[in-house]
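I have placed the structure first, in the form of structure tokens, so that the comments after it can refer back to it.
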């Protein structure tokens, strides 16, 4: 058996690949559910019902989709240029912390609401950028592989958040819980549905997905970034300023991950804790790959992950299947997606 | 200053060094073996988590401690095989596959753990490895407990450093392993299939990683809890760069690292007014520093991260 590269990737297969990958992941996870003593079909029906079956479940699913779109975009733009930003988790937390810090400035409460939101969002994005520019700078200057440095900085970032919310930014009214002082009301994003947590951050995330798609597909910068990823030497020869392109990609990627944290604070929590993110940063990597690095596909992939996470929570209450099954399924779908992408590019010959 | 001197003079510090270093020694040897044949294995963090869980679960359900270590090694090899199939014959992105393995192996470990222990207020414990008394020398002052009073897996890890160094530099197998990571085409021309060799090496390396994880639950602590690996896997990946892909230096790196870790743990308890989070950050920042210092000097295996396809350049 050997593999032969297709002359051009099959169109039909490229569309079917993510679906096939998700079905394969659900099949394997189904076996795990069956081993645990439950009917997989019942479990999946309960997951769908938990995610879409009620007004509350539906709004929670979309609330959860919001940060996942942003961290998914952050990974997608970086990976497209072969910048291995695995630091989405840390950038998310620093973005969230930056909003909480700005929230403590008394002048913020005096601003009109749209302006206050804009200031907070900019601060969150800037914090995420800074955290990615450090390892990216180390790569460009010293040749340090950014995979390991961004991974290690995730731990540093969460410890820094812990330091700040137990120290200078601790809320004195939180009964001793380590959490930051809540941001003022005028920096809170408006809700989209009454009596739910769904907030306008979803619209921001959707708009940014379209914007990032446009930049990647239609702008000179997007072309340069893709070229830098496919072949740095050829790109440099064609006149793409490599270092500048990679730094801009880093700003975009870190900024999006930081904004995810900022939006989560402005839309859902109003304050920061060290369990603000249930691995949103790492899930972003899976989402980007499931979307085949396409910014519009990120929306669908983020929705899939959110359905699994929200649905599995309510399913596990009914069936006593650990809700970790959602993490297992999402992680599996990354591996099956990699194989599916391979099959769109190669055919198997005997 | 006298505070620092007191910490350095305490036997407890030096005793802790080998204990803290052991999972890192297992892990760095595992990473080193994978990367020597040309494959990055970012599955390490998840494989260590899975090894920690399986080792613990085996002993918790009645197996003895070495059965636990063996079960962890087998589980690690299984995830290694998955990583190897995806990255070697299929040639998929080693970065993304490895992260996928980490996410899959760790969430799978949590899933199995929750099935085995549905609700627990405090994590159930097992009876861990006891400190040995090697040559009856553990009672010697200072060097006794430090060198001769460790647990058995620590000595296994130290022995593996010697074995791996000997295999890599002194045997035909080692020459083939190094060639698989430097120039697989030349190896193929010699009649050795680089693909099969890479798959076996990744499985063996992943087994070592999982044993490092099992050390955490079966010797360093006595129970399993999620997130207990705490980035140790990533630190191992950094240590291998620091060690320039040499087993002896990997041991040195792990010991140095463990020394700083043991030192900061003790410094934390005596220094007032410095937030404890700064101490906890130190190991990660230290790893980054090690990468910066060594990045340009290290001798990277030439075919690292390049999939091998016969007849393709």
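In case you wondered, yes, glycine gets a Cβ from its N, Cα and C as well.
Fair warning: this is a prediction, and the values are worked out from it, not measured in the lab.
Feature annotation (TrEMBL): of B:132-154, B:155-177, the stretch labelled transmembrane segment is B:155-177.
As stated in TrEMBL, the feature transmembrane segment covers range B:276-295 out of the listed B:256-275, B:276-295. Sequence-distant contacts of the transmembrane segment (B:197-221), counting only residues of its own chain at least 6 positions beyond either end whose CB sits under 8 Å from a CB of the stretch, comprise 19-20, 22-27, 29-34, 36-39, 41, 43-44, 47-56, 59, 65, 68-69, 72-77, 79-81, 83-85, 87-89, 126, 128-129, 151, 153-154, 157, 160, 176-177, 180, 184, 187, 228-229, 232-233, 236, 308. Long-range contacts of the transmembrane segment (B:39-59) within the same chain: residues 23, 27, 30-31, 65, 67-69, 71-73, 75-76, 79-80, 83-84, 87-88, 94-95, 97-99, 101-106, 108-110, 112-113, 116, 126-127, 198, 201-202, 205-206, 209-214, 216-218, 223-224, 228-229, 231-234, 236-237, 304-305, each at least 6 residues beyond the stretch ends and with a Cβ under 8 Å from a Cβ of the stretch. Only residues 6 or more beyond the boundaries of the transmembrane segment (B:155-177), in the same chain, are considered here, and those with a CB under 8 A from a CB of the stretch are 22, 25-26, 29, 32-33, 36-37, 132, 134, 187, 190, 192, 197, 201, 208, 212, 215, 246-248, 250-251.
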